[in-house]
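Heads up: the structure comes next, in structure tokens.
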Amino acid sequence: MMSKTFIRTVKNLERSQFEILRLRIMAFIFALVAGGLFIIMIGYNPVELYGTIISGAFRSKMAIQATIKIMIPLLMSSLGVTLAFKMKFWNIGAEGQIIMGAVFSSYFALFHSNLPHGLLLLIMFVAGFIGGGLWGLIPAIFKTRHNTNETLFTLMLNYIALHVISFLRDGPWKDPGSSGFPKIARFVTNAQLDKVFGIQFGWIIGIILVVIIFIYLRYTKQGYEINVVGESQSTARYAGMNVKKIILRTMILSGGICGLTGVIQSAGSDMTLAASVAGGVGFTAIIVAWLANLNPVGILLVSFLFSILEKGSSVMQSTYGLSTYSAAVLQGIILFFILGCEFFVRYKFVFGNKGGARS
Amino acid sequence: MIKFINFLVAAVFAGTPLLFGTLGEIMNEKSGHLNLGVEGMMSMGACAGFMVGYLTDNFLIALAAAFIAGLLGALIYAVLTVTFMADQNVTGLTLTIFGIGISNFIGEYMIVNSHTNSLKLPEVISQQVKNIYISGLSDIPVLGQLFFQYNPFVYIGIITAIILSIYLNKTKTGLNLKAIGENPASADAAGIKVTKYKYFNILLGGGICGIGGAYCSLIINGGVWMSNSVNGLGWIAVALVIFASWSPVRAIFGSFIFGGFNVLKYYFPKDIFTFPNAFYDMLPFVITALILVITSVRKSKKNTRPASCGINYYREER
């Protein structure tokens, strides 16, 4: 279609912030309409279903708490991957980093649970950060040394991490007290996160992280370095930055934050180390980070929106018998439209005659 | 010995869905598009293939449905990355999440609406996807078992790989495509219709991935619908493209070798040494990671990723 010159694409750089926001909101509305068409196709009323999603997420105090509980890991891991994405390092491995964070911290939760509560939790968080950080560091080392494709490498590490859990569950960490399917023992109360306002205190950590990452990216030297590496590695090198060091450091942070997510999920929500500790959150986090334009405050908003979707879709399941995967479908549709709309932020179509003047 | 032959045969069976996924991704990457949506397109194919097979009881229609489903997934990807120049990584990932989501969603929707607890393929189609018995050939000891008793998918996969190899290396269209993958601007200057080529080959690749998905749902799970039926095979396929160094014929061997890793658990002699199950499950992913490292360390100039892969082509910016 481009070759026929009836419609040409030209750069359009003069969009104001307001116009860009309007475009994105329009894309979001289009996405809801497209989702609605899908709902009509399977024989339901879209207005009714969308209503159920929103009311389902807020219908009671418990529902709101559940929504926040879903939001915590999503928010934190989105912040984690954002650091890597800012420097165009494709960390698709949040899932595995969450798992390794949970595994490292679970060791202390399971076998050193007699430590004083505060100290134990502190050790668990440090261990979780190290676990996730290591899992993020491995692909970064190979990326900086040999330019190994990090997208696929981090992905493979997800699956490897998943099987580390099943190895521990079936063997060394198997709960001798459980009959039937092997599982890992429930954490004792001493190793569980405390609740604040009825929700595990991970939500406080999440909000603090939003502020920290916001400041880190915008006002610190390291944050600036990440931005420059993301824009152009040669520019960074020319400016005398140690690109390798920046990549390694940022990936430890990125993986480490995802590792903290694993601690919060296992010790705050699951109360054990389950194979589903990441449960696809690491992938959804990528969508969230991207939709929020890698902006920490935006991530807070989008992850809240997405947890409404997730919580609402579970209500939709109990009310209409529709699968909770509807959340993933809607999330996908929304991102498709936003991705498409980015085009109109940067370019525009020009309708003209064949052979018209170039602009 | 018999056990070893059984192992080889099982490796071929387990490697076939990988073969389709790998071939599909090769077509994408040859046109300059790194499509991380293989897992999603395969899931869509798995769902469409199974559901249409379940409803029509006809293998060929099911196969066509799987192809079309994969193609539609690829169409989303192509519209976004070719026309709208969206980021290829994010678009592919979203396609994966969307594809898995929608196929699991439709699967559960079908189960709820069929008022049963599970969906099982009807008799006729299960017969059609059974291993083909060729009288005379299949009876030859060892060779017959090794070569002439697979289900139709295996043969379709190998034939597809050979056809694609001829297409890429011997036809003008295929050579044009390779030129686009290496340098779309030069190809465009030479009068090759870049956009048209990209669309055609990305869609073709998606369709092939869809067939691989149908294998997962129709064969691997024994004719019963299961959620997440592709279960990471699509991701291994993306990595296998590197292992096969973008050659459809090498993809055949690569897929079967990886199929071997997938089934090693059941054939490794337990009396020598027993590894935990998790070790075997981990193995294909560990080896894929190792291959990524090894190929990046070797960095040979021959057989590398098409140069423009991952970068969108914007005509006015050359």
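For all residues, glycine too, the Cβ spot is worked out from N, Cα and C.
Annotation comment: TrEMBL describes B:59-80 (among others) as transmembrane segment. Proximity of distant same-chain residues to the transmembrane segment (B:59-80), defined by a Cβ-Cβ separation under 8 Å and at least 6 residues beyond the stretch ends, is recorded for 24, 28, 33, 35, 37, 40-42, 44-53, 86, 91-92, 95, 98-99, 125, 128-129, 152, 198-199, 202-211, 213-214, 218.
Residues or ranges marked as transmembrane segment in TrEMBL: B:92-112 (among others).
Counting only same-chain residues 6+ beyond the ends of the transmembrane segment (B:147-168), those with a CB under 8 A from a CB of the stretch are 9, 12-13, 16, 19-20, 23, 26-27, 30, 59, 128-134, 137-138, 140, 174-175, 177-178, 208, 211-212, 214-215, 219, 247-249, 251-252, 255. The transmembrane segment annotation in TrEMBL covers B:147-168 (among others).
Per TrEMBL, transmembrane segment is recorded for B:199-220 (among others).
Per TrEMBL, transmembrane segment is recorded for B:226-244 (among others).
What TrEMBL lists as transmembrane segment is B:251-268 (among others). For the transmembrane segment (B:251-268), the list of distant contacts is 3-4, 6-8, 10-16, 18-19, 22-23, 26, 157-158, 161, 236-237, 240-241, 243-244, 275, 277, 280-281, 283-284, 287-288: same-chain residues at least six beyond its ends, Cβ to Cβ under 8 Å.
Cβ atoms under 8 Å from those of the transmembrane segment (B:280-297) belong to residues 232, 236, 239-240, 242-243, 245, 258, 261-262, 264-265, 268 of the same chain, restricted to positions at least 6 beyond its ends. Residues or ranges marked as transmembrane segment in TrEMBL: B:280-297 (among others).
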- Task: Grab the same-chain neighbours of the transmembrane segment (B:226-244) for me: Cβ-Cβ under 8 Å, and only residues 6 or more beyond its ends, written as numbers and ranges.
- Result: 17-18, 20-22, 24-26, 29, 36, 38-43, 46, 50, 96, 100, 103-104, 107-108, 209, 212-213, 216-217, 220, 250-251, 253-255, 258, 284-285, 288, 291-292, 295, 305
